[in-house]
Amino acid sequence: MDSVRPLWLMLLSLLLVGTALGDASQAPPGNNAEICLLPPDDGPCRARIPSYYYDRYTQSCREFMYGGCEGNANNFETLEACNEACWKIEKVPKICRLKVNKKQCGELREQYFFNLSSMTCKKFISGGCHSNENRFPDEATCMDFCAPKRAPVFCYSPKDEGLCSANVTRYYFNPRHKACEAFNYTGCGGNDNNFVNLKDCKRTCVKALKKEKNKKMPRLLLANRRLKIKKKQF
């Protein structure tokens with residue numbers, strides 16, 4: 001009887017670990033920003049279970065070792081599950097992904113930071129020390145630099161092959177891949193995410209998502225970088 005007990009305890013612990021990991025990875029698909037932007041948490045247990053979390057700083061899913069219990073919902077069994085839950089978080093410049101630093105130890109000033117969860121700029125009181133570059137002098141500067149450029153609404157419509165029986169090559173914008181792809185159009189019905197040629201699709205939907213290549217950085221950021229360069233020289 002005593003020899004059976006350790007086996008049951010082992011099976012029970014494995015069941016609990018599997019349940020915890022399963023629950024953590026069952027996030028619904030879509031823009032789950034509150035879940036995906038949580039920091040990675042391997043939990044207090046000591047198992048080493050290969051899992052995946054969404055990294056706000058690289059804006060991609062990365063592997064980590066889950067301890068097997070507790071932790072948080074930013075925890076997925078597979079890379080595919082992580083991508084499925086978090087792919088809709090739009091890409092923004094690196095400094096806009098940083099968490100705001102509200103420590104106050106110097107001259108107080110009102111500034112704005114980009115909130116990756118809400119994709120908006122919010123006001124905060126900057127203390128002037130240990131701050132990062134996610135801070136802007138006003139809301140307009142913040143939004144102009146950080147807010148993702150949006151394509152027309154119909155670019156986000158799903159692929160629709162239509163209602164008839166023809167077989168015509170058309171192109172649609174795939175928001176998940178952020179690229180234009182070919183599909184077979186049946187000749188009638190469908191939606192506006194339907195282009196006769198690849199060039200029109202790219203011009204309408206892809207270019208609208210890209211930020212200007214030579215976009216100037218806000219003066220505040222340039223000033224901070226010049227100051228850092230001067231300090232290194234002395």
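Including glycine, each Cβ sits where the backbone N, Cα and C put it.
Taken from Swiss-Prot, the feature signal peptide applies to 1-22, supported by sequence analysis.
All protein chains included, Cys36 (disulfide bond) registers 25 other Cβ atoms within 10 Å of its own Cβ. Per Swiss-Prot, disulfide bond is recorded for Cys36-Cys86 (among others).
For 36-86, the entry in Swiss-Prot reads domain 'BPTI/Kunitz inhibitor 1'. Counting residue by residue with DSSP, the domain 'BPTI/Kunitz inhibitor 1' (36-86) contains 9 helix, 15 strand, 27 coil.
Using a 10 Å Cβ-Cβ cutoff, Cys45 (disulfide bond) registers 17 neighbours. Positions annotated as disulfide bond by Swiss-Prot, on the basis of sequence analysis: Cys45-Cys69 (among others).
Taken from Swiss-Prot, the feature disulfide bond covers Cys61-Cys82 (among others).
If you look up Swiss-Prot, you'll see Cys96-Cys146 (among others) marked as disulfide bond, on the strength of sequence analysis. Over all protein chains present, the Cβ of Cys146 (disulfide bond) has 23 other Cβ atoms lying within 10 Å.
Swiss-Prot lists 96-146 with the feature domain 'BPTI/Kunitz inhibitor 2'.
A sphere of 10 angstroms centred on the C-beta of Cys105 (disulfide bond) encloses 10 other C-beta atoms. DSSP classifies Cys105 (disulfide bond) as strand under the three-state reduction. Residues or ranges marked as disulfide bond by Swiss-Prot: Cys105-Cys129 (among others).
Sequence annotations record features per position, and here Swiss-Prot assigns N-linked glycosylation site to Asn115 (among others) based on sequence analysis. A simple way to gauge crowding: the CB of Asn115 (N-linked glycosylation site) has 19 other CB atoms within 10 angstroms, across all the protein chains here.
The feature disulfide bond is assigned by Swiss-Prot to Cys121-Cys142 (among others), with sequence analysis given as support. When other Cβ atoms within 10 Å of the Cβ of Cys142 (disulfide bond) are tallied across all protein chains shown, the result is 24.
Feature annotation from Swiss-Prot assigns disulfide bond to Cys155-Cys205 (among others). Of all the Cβ atoms in the protein chains shown, 24 others lie within 10 Å of the Cβ of Cys205 (disulfide bond).
Feature annotation from Swiss-Prot assigns domain 'BPTI/Kunitz inhibitor 3' to 155-205.
The disulfide bond annotation in Swiss-Prot covers Cys164-Cys188 (among others) and rests on sequence analysis. Counting Cβ atoms from all protein chains shown, Cys188 (disulfide bond) has 10 others lying within 10 Å of its own Cβ. Secondary structure from DSSP puts Cys188 (disulfide bond) in coil.
Asn167 (N-linked glycosylation site) falls outside any helix or strand according to DSSP and counts as coil. Swiss-Prot lists Asn167 (among others) with the feature N-linked glycosylation site.
Taking a C-beta cut-off of under 8 Å and a sequence gap of six or more, Cys201 (disulfide bond) has these contacts in its own chain: Tyr171, Tyr172, Phe173, Cys180, Phe195. Marked as disulfide bond by Swiss-Prot on the basis of sequence analysis: Cys180-Cys201 (among others).
The N-linked glycosylation site feature in Swiss-Prot is assigned to Asn184 (among others); the stated evidence is sequence analysis. Listed in sequence order, Glu161, Asn167, Val168, Thr169, Arg170 are the same-chain residues six or more apart from Asn184 (N-linked glycosylation site) with CB atoms under 8 A from its CB.
It is Cys129, among the disulfide-bonded residues Cys86, Cys129, whose Cβ has the fewest other Cβ atoms within 10 Å in the structure shown. Close to Cys61 (disulfide bond) in the fold, though at least 6 residues off in sequence, lie Tyr52, Tyr53, Tyr54, Asp55, Phe76, Leu79, Cys82, Asn83, Cys86, each with a CB less than 8 Å from its CB.
Taking Asn115, Cys121, Cys142, Cys146 as the recorded positions under consideration, the smallest Cα distance to Cys205 (disulfide bond) is found for Cys146.
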